[in-house]
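Reading through the structure tokens given below for one structure.
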């Protein structure tokens, strides 16, 4: 069932039919059989026309032009042909008819079959939904990964976020505040006393000049009267109330609470501390103190706008001089402001009017207070009497809505703030106490469709619209009573007419202008339920405004809490996956509202009553007919029996094939048929038409000659189909086919001339294959060996001796006459192949004569490429551990196969991998290329067992010093300082979650997981990250498993000398769990290094394009040195000393952020590094050995670690060749040095090198590090031109040119694997064209690539296609040199 479902979802290919079509088989069976026969000879195939879904086959008439004698006459004739109907992608129901002559399927008017249409549409919808589901899963996986990374970065940044900074005060505010305090104190100590002079001496005017004796005279004032009333109240209270010291103290100090100076001090201090601009309030307080406005000014401030506030300042200054004039001035200022600001809008003008009235009232009230000498608390009580009635309505309300000038609610405030509860945090305590510690849900992601909204401009306002089907939809109140509105979409403006107003709903449907055909159409939600809803509208500046909330259905409306801005009415309300729910309408402050839009809201076409009655009658008849359509006739019953027998025969054939390994259809009878066909024998022609059909065609006007020609054409089509069936089933059983006539049925089912057993067995007699001379030597074992066949006990019992003699002879031939997959010199290949073929035929014929199926008739048991791993039982989680291989390991064999003598053989594991590889692919596509330049010095790597022993030499050259740090402390210290400075940006790096690491998941998952899964991607798809997480926790907890590495040799283009010497590179690959553990520690650092290639030495992650190569060479030249060095090692990875590699790894751990440098992480990382240096390696032979040297070439950070080591070596080398310099001098001169580094490749500029630099560094690397540097690999020059880096040579204009063009040619004409098609070959040559662009036009490689591209382009065009891409010189210049700055 799983296989059928999978094939149904994929497009039908050649020879593969959709499972729905195979099962349902709609239409005429004879038409179906005939249709597939015609499809084989047709120029266009049904599999290309219908990608999936059931097909309906039927016979029908087709009018064609009459052709006679090669002349087309304008007369149409009618022929009988096959009509095929189905549903294409996009839910288009189409019908195609086969047209003779052109032999192709041509589209005709559709012949609708309801069942085919219904199932076809469902299949197309299922395919689309399946594609959407896969895409959604991919996006979900990507989003989860991004969320994990962002969460990790967020947690790290939160820890690094500094605390809140202390607020600083402006100098001007501090100075003015000091002035305010001084002024306030001066005003507080100032007092006025009125009295009468008692001295008798008077001057001429009757007034004493100096009064030494006087008495105070208390004039009447409100202050004195209220003070006396207050004292009387206190005296009365003292006589009747019980004695209370606290109460006496409170009543005694009560007047001071209403004191102006205390209030001014508190207000001023609060503004200086908390306000951003306190000067405005300080100015007001100073002027209020000066003018005696005092508390009246504070009460008036909340009701003043900017003009009236300035008016208050002016009035208070005048009030201090003359109170009566100040009252007049306040009136004049208010009138002047009201006249000057007449142009304001109503809202602002109303605020100004209120401010002016407040200004005049405050001035008059201040004059009364001053005149009556009223105390401060009297002023406070008067102000409270004014304000309390205004807020009574607010006190009893639950909330306060603040509306804007347009009447819409801008803000809603809670009228019950409960400040104490809020500040105490009691509510938060309960929330924290009952909140779950683990988050159980996430906010949903939403699907937003950009550029899908239009703007509706009507007379009464503006709104939003969107497309549904072929209508524009908006809110009814946006359009109003208009019948035509203006519509804008991006830069396209058009007009739309009202088509339909939905009854009882505020929804209007408009016509869709022709210019908006590409506007996205919203699809209706299948059901409308409560849940998350999304409102998308046009925001300011054309940007999308998105609101997300929880919606609740109320009748035919939905409410949600989303604020509404101008122009949002008519916006679509959708689900999180973009399905339409309704049309947005209004905002009520707390909730938004939308009208639900359903499928029934579209205008429904009214059907004629007669048509409706007929449809009801047809439905009733079809329902009644369904009970009578099962095998109603004898032909149906016979058909059912034949179909059942066909299925049973297919099952039996498959079971027999699987059980006995029977080869498919290679019989003597079959070869007779094919031989007869090749010799020109013809079978008896069958009937094309029945007698009734033939007479009908004659009556329609066809002549006998025309019908004879049509019959011959039909028979030729049948022959083509049968030939195809013969080819397709040449290695298979004959397929089931319907009989052509009743006579065949009678003969096959009831005839008496049945073959005997002996005549049937004679069909299986082996025949000698005359053509074996083309067999390649590397294919001898595959062609003639018996190990690919199932051999039973009966075979061994009767033919064991013959089989042994045959296999011994075959092994002797292979060992004696072949070497490394090629014939030995002076070998008569023709005689050897004939001899092997004769022995093969003799063995098979002997078995046939004794009644046993020969090997020629048995199926080879070759392993197939599976989409999944081998069949197995349920997996035990312990089998996924890193050290499970130790439980599987058996003791080693007595001898050695692939392990060198100086390496131990620890044990043996069961593994089935090839050891030798002598395959040199022969790609027929290469015959399309013109003759290539000579590249015989290179070829594809091939190897035998000796190559594995040779590959271990990469770890051996010379012995390094026991302690380099101890023997060379000065050089070691300087190298460590350079390392720290060069990679200072690694400080603060982090450890990533193992599930968030990135790695090539298409790589092998090593042993033993490779027994079950081919790649890590397959392993992850089945097991997920559960094994990764559990193993990470186990190791972090203290486990230290031994890790197994799988070794294989690399298939690549090498020099022929290396291939002949079996010098092939080895690659080791560890378990993906181990790789991702290391990646968790190092991926962040690796990413940081890839982003610093422009300014730092390591170049992993760089690009030579867009002037990248030239800029880096210019960076070296900018040091203004005269020494440039091209430096390369031999066996670099394998000979890196353990001491250096351990130092590099220790440095990397020290660069982690402090919170990650825990003891547990350090111990885990140390285990990881130890496993890199002490490796248990599995050979393809099953042998397990141990490697303890070098940087493994398959670990996750091989290149990055090589870069770090290269920087260390270079700094050590620089100090070594300058022994006369101190550490400080070395640091100074190092600033003038620079390098480009990629693994073991290095291009350096030094300020100075000694004359014997090459010899000194060659001996230094050998004696100190035990590494191999060949003198010819160290090139010293005074210019970078001519030196090479990363396979490029620096050209005269500092642009890169390929260094080894012969190797590129060899990889083209002698590739390591075959290419898929001619387009892939064209693309490969195009890559060479790009690489060789900077070569001179006369260069042989560049001229060849240009010619090859043109030749391949012509071939592609001759095949009816077009070359994938055409690259011009200008484009290549831009690619290499970059665009304009």
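Cβ coordinates are placed from backbone N, Cα and C, and glycine is handled just like the others.
Database features, via Swiss-Prot:
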COILED    121-160  coiled coil
TRANSMEM  169-189  transmembrane segment
TRANSMEM  249-269  transmembrane segment
TRANSMEM  279-299  transmembrane segment
TRANSMEM  324-344  transmembrane segment
TRANSMEM  365-385  transmembrane segment
ACT_SITE  477  active site, charge relay system
ACT_SITE  506  active site, charge relay system
ACT_SITE  569  active site, charge relay system
MOD_RES   694  O-(5'-phospho-RNA)-tyrosine
COILED    703-732  coiled coil
REGION    856-879  region 'Disordered'
DOMAIN    1122-1254  domain 'RdRp catalytic'
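Every protein chain shown contributes to the tally, and the Cβ of residue 569 (active site, charge relay system) ends up with 26 other Cβ atoms within 10 Å.
DSSP assigns residue 477 (active site, charge relay system) to a helical segment in the three-state reduction. When the alpha carbons of residue 569 (active site, charge relay system) and residue 477 (active site, charge relay system) are compared, the span between them is 8 angstrom. Helix first, then strand, then coil: DSSP counts for the domain 'RdRp catalytic' (1122-1254) stand at 65 helix, 28 strand, 40 coil.
Across the fold, the C-alpha of residue 477 (active site, charge relay system) and the C-alpha of residue 506 (active site, charge relay system) stand 7 Å from each other.
Non-local contacts of residue 506 (active site, charge relay system) by the CB criterion (under 8 A, 6+ apart in sequence, same chain) comprise 475, 476, 477, 583, 585, 595.
In the three-state DSSP reading, residue 569 (active site, charge relay system) counts as coil. Mean model confidence of the coiled coil (121-160) amounts to 83 (pLDDT, 0 to 100 scale).
Look at residue 506 (active site, charge relay system): DSSP puts it in coil.
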